[in-house]
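Comments concern the structure below.
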Ligand SMILES: [K+]
Ligand SMILES: [K+]
């Protein structure tokens, strides 16, 4: 008798899901988790002090979208249970709500429906060659292994700085999840600036963030290669790996030679690598005060945040694959080539079409929101642009203006974080397209739920 | 005997032209005029005071590219003959060197070669339906009529401000040419700020600049329509006219309601209209101090300069036609449509390809040069971005930093003005493509030179 209302809601929600396009389902899913997180975080029992309704909405959106921008200090504003909720929201957002529900289905029904495959495909833009089931299993296994190893690593690292007991255990788990999901939430009041020269901590964060952001496709692909299941890396994995290394190298070099702050550091190369890494993986931890960077390097970091990393991982941004497609279009035009290709491989028209649309929309949104924030805020343009690129790319780096934003400004950033997590094209399509709901409802009897 | 060396050079240059792609010919043509202008303007006999070599190169490039950015005050730095040279450079740049040479050919050889048609086509991106000869004749006739009428209008307008005699005649001619070619060079020390409430002067400039920038194709098309030669406006003319009016309206409204400076003016609507017009037509005269605009409206003006106007006129920028193509791509993607169309008309793949390539390259250059200038200059980002958009769009508006740029900064702006005039895609193609020179040299016996 007790289960009836829950069953009713479940049944209603299933019918609701079926009536919407896969894209709209993603939007509703993220919205639902954000809403639940907001309602929980708004409860005073999870607070250490006074917190506004808007700040709770901001924190919840930032956590589910794995952005990490904060208007309040997390450790000083939320008690342990509040912090725990934030970590859960990060975990849900990071792996993706649809991956989790599909995982649930995988181990309860032993099969995945056509419909769920479509939804997953919409989120992760999978090449068709990789099987969904292996993919999901790899995601979960990999996440658990990495986060456990990361937490152990953090525990010993923090111990060297005199942190012990329950506090050390909690900080280790929280930051491991936050790093692997590229969320960038920190319990320290200045992110990881106090650990800027600690090679051990820098390494742990970098490994977790690169693994999480490079993406499950790349990791799966590399894993298959290592176990000898395939003889060659897929084209996508190659592009992402090479592109990531190239941009990371360029970013580190520019930072080292272009940023005066490195001269004051004992570990200038580590500092340069870490800030380039944090922007590209969109983890968003920082070891130097971003607000003190010179304009050239602030623009460089903005560019790295704009590009981001892999389309399959937890990172935001335009993605390296999109950048590759754009470079290919331009290259073939400028060199007068008949075919649009990269590294000798022809790129399908559909991919170019998606890449171009994403580029137009992503760039347009960045300009539009910089324009809108220039009305609501009185900060200089570089800081506003940085905040916009950081929130849409779900990076979470900030020059320090987040807490001082106006109410309108905070709402605009909330919209950007949410849009960035869902994906600009997916979000736009969900809102505007006459959904293929007819087709879906016809096939809905395939559903195993 | 006297003519032999000139004939030799002519003959050599003709062979040189034939060996290059049409795009490379355009680049060389503009380069040659810039070089000649630079060498002339560097001569002290045309100066009123001391002028550096770099300033002469800057002025020459700015004139040939019809940008209008200046590092020195033109009236106080150059004597009458120097100013006259600048006006000639503006006229050459505005109508385009290839249009002039083709016009020359038209009235000497009575026919235009296939090769010249290709070059003209590359510069003005003509729809094939309009004939080259009519086009050229309209360009020249229209230019002369407009510039003469403009000069007469200016003469009476300046008279009302107490300007008389030779000075009034010279100022009228110079500013008429400068306005119609959307060059924006002024002989006043604060552009047209002293005339901000003069409806007559504002109207003359607006008519000249809109006619020049909307482009010869649009004018020819409207002319044909008026004389009843065609029954309907072409699709391109419609797109350009509607797009121009829409952006001009939006720009004026935002300026009026978003810029505090309008509150201080006696003619706030005129002021708002004129600044939106000057950015879109890329004429670059201003009636308010641009450096005093608030950030939101500075970004609005940056956006209007970025878009510009018609692909066939004297204006720079991304062009309204490119914007239309990009909107079409995005629209069809977001609404899940099979066909890429605008106002019910399918847009050819080739146009979409060109528009996309232009957008990627144009936006990339703006970001790259903003980044580079952030190293060489110490101005805030909004002013640097504005200067970059202004120079690449050949607009010539400035927040006032042009004269204070470093040597490196001036050289970067010179490159941008030149690239903007040639066109980003044309310039890129000229530099990178394995030119179709083989094909050209085979057909070179068609040439009438
Ligand atoms: K993040
Ligand atoms: K101009």
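Backbone N, Cα and C atoms are what each Cβ position is placed from, and that goes for glycine too.
Taken from TrEMBL, the feature transmembrane segment applies to A:25-46, A:52-72, A:84-106, A:135-156, A:168-188, A:200-219, A:239-257, A:293-309, A:352-375, A:411-433.
Using a cut-off of 8 Å between Cβ atoms, the transmembrane segment (A:411-433) and the transmembrane segment (A:52-72) share at least three residue pairs, counting only pairs 6 or more apart in sequence.
Residues 210, 214-215, 217-218, 233, 268-269, 271-273, 275-277, 279-280, 296-297, 300-301, 304, 307, 309-311, 320-321, 323-324, 342-343 of the same chain lie 6 or more positions beyond the ends of the transmembrane segment (A:239-257) yet place their CB under 8 Å from a CB of it.
The transmembrane segment (A:200-219) makes contact with the transmembrane segment (A:135-156): 3 or more of their CB pairs lie within 8 A, with pairs spaced 6 or more apart in sequence. Tertiary proximity for the transmembrane segment (A:352-375) is limited to same-chain residues at least six positions away from its ends with a CB under 8 Å from its CB atoms, namely 306, 318-319, 321-322, 325-326, 328-329, 340, 381, 384-385, 387-389, 392, 409, 412, 415-416, 419, 424-425, 428.
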